[in-house]
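Down below is the structure, laid out as structure tokens.
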Amino acid sequence: MNGYNLWCIIFTCFGAFFYGYDSGLTTSIIAYPEFIEYYGFNSVTLGALGSSYYAGQTIGSLANFWIPDRFGRLWSVRFACVIGLLGCGMQTGAQGLGVLLAGRAIGGFSCGLIFALCPLYASEMSPPHVRGRVGGLYRQLSVNVNVSYAITEWMGLGISYLSGDVKFRVFLGLQLLVAVLMLVGSIWMPESPRWLAAHGRPDEALAILKRLHGTDVHHEPGASNSDKDEPAEAVPFYQREFNQIESQIQLEREQGNYGVWTIFSRPSYRKRLYIALFYYFFQQATGVIPLQNYQTILYSLLGLTGKMPLILVGVWGTAGTIVSIIGASLFDKLGRRKSFFISITGVIVGSVMLVIFWARFEAGGNTSETLGALAVFSMFVFLCGFGWIMNAFAYTYPPEILPTDIRATGMALGFGIKMAWIICLVQVTPIAIESISWKYFLVFIFLDVIFLLGVYFYFPETMNTPLEEIARLFGDDVAVTLDEAGGKGNRNEEPETKDDVEMLENVRGTTQQETKS
């Protein structure tokens, strides 16, 4: 992966800051007495603060049905940034609750559009052997949600020392910075080569693939390619990739399998979509949003007072980032399935511990500091499990298994379901915690078990498999493999490079392992 490809992936990953900052600030800002008093929040309107934002996200996510396929991935990102600036301005200057909620909804629309779009945009620009790390990068480096959560939550602690309504207006206003940086950065970004190829612009697609995956380091003519049995003057990786993309698009069109309506006529497409939607639904059914968004309320109920809840919010974000970086670094080594099972195990263990210790704490009259501390510790066990790979999986696996012609549609539906689920959770959680406390989380434990079983029986391993060749895992035809693509007539053929060989070997090694198993 060359420097330009890395820059492009980092840019797309920065889209996660939209969600990370916008969502993270809510966790801290509801702990500001001035914010609660200024807008007159109660348990119902506090839920509306979250649900209005996620309602906007739902609509924004569903907008990916049409906008990215019609106007391209890049112009859709720019459109989302402009809408985000409008929503942020409304939130920052809001004098009443109605304007604040409307601004949150508009900002949510912007976030939903860009947050669902960026993972598929990144996957379409990434070579197959690093897509897992790219999905992880979307959540785990300096341009991802975990880091943005951590930064936002520590900022929440620092800004809490300001006086009056300045503190929450500054906190809300800083959302502008994220949209501005991404809008400016888009000047140097390319359009998705797969989108260009699918829209009859093959020369542009090839040029972008060459810039993304090409290299200036070449073997000398006749030099050995180690023991890989490769010819010295082979077709470079980006050219093979282009040939494979064109061939697969042509095959799907010849079979009449092109467009959204293919989902209803082709069982394998429906299966891929069902798997993606299943994941997005049950990812949120773990209960991560109730724990994360309302953790300051939970800390208070478990006996913590003063600035300690805000401090733990910062620790939460930092711990999640550290665990996520470790999980992402191993994602392409352990594979998708093993990484998921590690993650869900931590989630279930942490959830069971929380219910047990919280119930004991409540039964003892809410006076045992030890039980309260153990309940808080259980929340962090859950965090380590979820943070391991649960988010990175969502931004890697569904874009991998969905074919090009329904990738944007599938991501739109997936994020739409995810956000609709979140709306329900953020609205009812304050009321549920007030009414039934720990019993509320028993529901999530039951759903976690269903989640685990569904992935075990229905999710195939996709590690290192080229996007076009994943079709074979679901019984569909593959026009050509990467190796076969090298034998086709090519535009601008160049000698294969050392980086190309390594890329292909990563793919072949995985294919051979799958064949043996």
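In case you wondered, yes, glycine gets a Cβ from its N, Cα and C as well.
Pulled from TrEMBL:
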type	residues	note
COMPBIAS	490-501	compositional bias 'Basic and acidic residues'
COMPBIAS	508-517	compositional bias 'Polar residues'
DOMAIN	8-463	domain 'Major facilitator superfamily (MFS) profile'
REGION	484-517	region 'Disordered'
TRANSMEM	7-32	transmembrane segment
TRANSMEM	75-94	transmembrane segment
TRANSMEM	100-122	transmembrane segment
TRANSMEM	143-162	transmembrane segment
TRANSMEM	168-189	transmembrane segment
TRANSMEM	273-291	transmembrane segment
TRANSMEM	311-331	transmembrane segment
TRANSMEM	340-359	transmembrane segment
TRANSMEM	371-396	transmembrane segment
TRANSMEM	408-428	transmembrane segment
TRANSMEM	440-459	transmembrane segment
Checklist entry - Where does the mean pLDDT land for the domain 'Major facilitator superfamily (MFS) profile' (8-463)? => result 81
Next on the checklist: As a test: from 100-122, 168-189, 273-291, 371-396, pick the stretch that has the greatest number of Cβ pairs under 8 Å with the transmembrane segment (440-459).
Outcome noted: 273-291
Item to check | Recorded stretches the transmembrane segment (273-291) and the transmembrane segment (143-162) touching, at least 3 CB pairs under 8 Å | outcome: no
Checklist entry - Do any residues of this chain, six or more beyond the ends of the transmembrane segment (168-189), have a C-beta under 8 angstroms from a C-beta of it, and if so which? => result 7-8, 11, 14-15, 17-18, 21-22, 25, 28-29, 32, 34-35, 38, 74, 77-78, 81-82, 84-85, 87-89, 91-93, 107, 110, 114, 155-156, 159, 162
Next on the checklist: Any contact between the transmembrane segment (100-122) and the transmembrane segment (408-428)? By contact I mean 3+ C-beta pairs closer than 8 Å, pairs at least 6 apart along the chain.
Outcome noted: yes
Next on the checklist: Which residues of the chain, 6 or more past the ends of the transmembrane segment (143-162), have a CB below 8 A from one of its CBs?
Outcome noted: 10-11, 13-14, 16-17, 19-21, 23-25, 27-29, 31-32, 137, 170-171, 174, 307, 310-311, 313-314, 316-318, 320-321, 324-325, 387, 391
